[in-house]
Amino acid sequence: MPGDDIERGGGGGVKSRTNNSYPSSSSSYLIEENETQWTSWLVPMFVVANVAVFIVVMYINDCPNHFHSRFQGKCVARFLGRFSFEPLRDNPLFGPSSATLKKLGALEWERVVHKHQGWRLVTCVWLHAGIIHLLANMLCLVFIGIRLEQQFGFVRIGIIYLLSGFAGSILSSLFIRNSISVGASGALFGLLGAMLSELITNWTIYTNKAAALFTLLVIIAINLAIGILPHVDNFAHIGGFLAGFLLGFVLLPRPRYGWLERQNLPANVSVKSKYKSYQYVLWLVSLVLLIAGFVVALVMLFRGENGNDRCHWCHYLSCVPTSSWNCDENQL
């Protein structure tokens, strides 16, 4: 498999954008009796959908019989038949070939901009470069997604997941032109960003504020730092994180304490508004930045502009060259 895969994360010769450690939830907070606790079903459905897509991709890939004759007889786990994996020297993550990923919707700048295949900005989020990549992302999705869905419901978490994945694809396309990219970690970083903004906008109801914020910031820093390694699409991580961070202010503010049980409060105690003034300000500013960011980024992308021309140092956000490796996008 040619060295042009970005799996949105880490690991091996297949360029990637997998994620690493994510927390399951923020710190404990004050709970009112009337607060709704949701049953999580959307996140498990996302997991099932990703696994089903990977199975379909492997079925179509059909390593023993596809047209890349130099691979014949070298597939891994040949007892799986057409579900066997590409040779490890071509894909060390136990997955399909680059050709199959391109065919089925991997993110590729040339096809998105010049062949008008904008749908790849969405489909790439549901593709994974290998079973290792898939398992890592799905474990992280279960780890953080289920708790968030239980707290805020499937609508808001679903919107954050999908829009963050889309935002990660856009930023990746603006800065990476010579590689393909697949993976859900942009969406996962969006959930991580939403956790941070949710902690900030609901600051007053948390009981362990400093500990929760410090833990979350450390985890975010570690994951973004890993993204500067070669073969990792950190732009997808950053794009997803920024979108999720802003969406958290818009979709995840909690009513001020006492609002849900205001009818049970003494007559001389009143709660004037559902949210605090700073929550309204954060909501408005984040919504404006979110809309402006999507519009500007999409216009730049479909005009064929290269983000590296506008930001000459931004490539260091995705890879920092050292004596041990270089950052050539086509280099495995």
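Each residue, glycine too, has its Cβ placed from N, Cα and C.
The model shown is predicted, which means the values in this text are computed figures rather than measured ones.
Annotated features, as they stand in TrEMBL:
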type     : residues : note
DOMAIN   : 116-253  : domain 'Peptidase S54 rhomboid'
REGION   : 1-25     : region 'Disordered'
TRANSMEM : 41-60    : transmembrane segment
TRANSMEM : 125-146  : transmembrane segment
TRANSMEM : 158-176  : transmembrane segment
TRANSMEM : 182-203  : transmembrane segment
TRANSMEM : 210-229  : transmembrane segment
TRANSMEM : 235-252  : transmembrane segment
TRANSMEM : 280-302  : transmembrane segment
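The stretch with the most CB contacts under 8 Å to the transmembrane segment (158-176), chosen from 41-60, 182-203, 210-229, 235-252, 280-302, is 235-252. Between the transmembrane segment (182-203) and the stretches 41-60, 125-146, 210-229, 280-302, Cβ pairs under 8 Å are most numerous for 125-146.
Per DSSP, the domain 'Peptidase S54 rhomboid' (116-253) is made up of 107 helix, 4 strand, 27 coil. Averaged over the domain 'Peptidase S54 rhomboid' (116-253), the predicted model reaches a pLDDT of 90.
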